Amino acid sequence: MSDPNQPKPTSERHVPVLKDRCINLLAPGIEAARQRGETPVVIDATLGMGGHSEALLQRFPDLHLIGIDRDEEALALAGERLKPFADRTDLVHAVYDEIPDVLRDLGVSEVHGVLMDLGVSSLQLDERERGFAYSFDAPLDMRMDTSRGQTAADVVNNYSEEDLVRIIRKWGEEKFAGRIANRIVAAREAKPFATTGELVDTIRAVVPAGAAKTGGHPAKRTFQALRIEVNEELDVLERAVPAAVDALAMGGRVVVMSYHSLEDKIVKKVFQTGSKSSAPLGFPVELEEHKPELKTLTKGTEVPTADEIAENPRAASARLRAVERIRARRAA
């Protein structure tokens, strides 16, 4: 009988979202590499606890996987999980917009697949001391990379009221941003914020109780905004998606799962731009360099099935998009 006080194995703590669909979407890019006599290389740009990577390595015995994560704890756990495949993996402590640097350091010129599973991980939500969750009291941190950068406490204690309104409204899409920012500034004058519980209580005091019926937990949107600000998530994503596309070999694929509309808008824009002709309006012919570089593989976004959501409730808000490179990369 297992000891309830012992941490669960990584495989039990993390259920990969849309795992089978992700693997099936990446498979043709891997097969295209094989047909050219190349060793297939796939980047898991948001490695987390390694669930998607483990499944890829199990299915494709000749695959070389590059796993990237900014969270050192996640890298360590994934490293343990992927030990049986150590000779076919490179695990790198980096942010996923650093794909070009990672590939250069590894001597890799192009890859045949890139997977991105955005947002906060199960590990980060479950580890109380990380401060990502509003459901229990913890230090107000929210850094995905705990080795550097400002914390959520730094943001709420030092940002001006105007800046707090801006990020809570923009990143959290919170209609009560003004009320929340005003109360935060008033409360921190008496005592700086140190824990998530203190912040939750402050938000509860100004968000109408009825708002929770449609918007969920009153602190949900503010916590999202702070997490995005602390980790510069959307700025990173705006650089990361084009970098992933640029790294693709012919026939290679990028698969991205996003969890809120702000992320999905960025992914959609890059994919749509690459999937359209770049010929000037009214141009009489479409030259080769004007033809689309990408082919869209999903009609809009794909979502988890009811069965998958029942097994893994955190998958409920996942939205998947995928593209394939159909024209060679432009020369640098």
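Every residue gets a Cβ built from N, Cα and C, even glycine.
Look at Swiss-Prot and you will find G50, G51, H52, D69, L103, D117, Q124 tagged as S-adenosyl-L-methionine binding site. According to DSSP, H52 (S-adenosyl-L-methionine binding site) is assigned to a helical segment.
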Per-residue Cβ crowding (10 Å cut-off), top of binding-site residues D69, D117:
D69
Here are the binding-site residues: G50, G51. Which has the lowest count of other Cβ atoms within 10 Å?
G51
If you run the three-state DSSP split on D117 (S-adenosyl-L-methionine binding site), which class comes out?
strand
Sort out the sequence-distant neighbours of H52 (S-adenosyl-L-methionine binding site) for me: same chain, 6+ apart, CB within less than 8 Å of its CB, listed by position.
P16, K19, C22, I23, D44, L115, D117
So what sits near L103 (S-adenosyl-L-methionine binding site) in its own chain, CB-to-CB under 8 Å and at least six residues off in sequence?
I66, S109, V111, A247
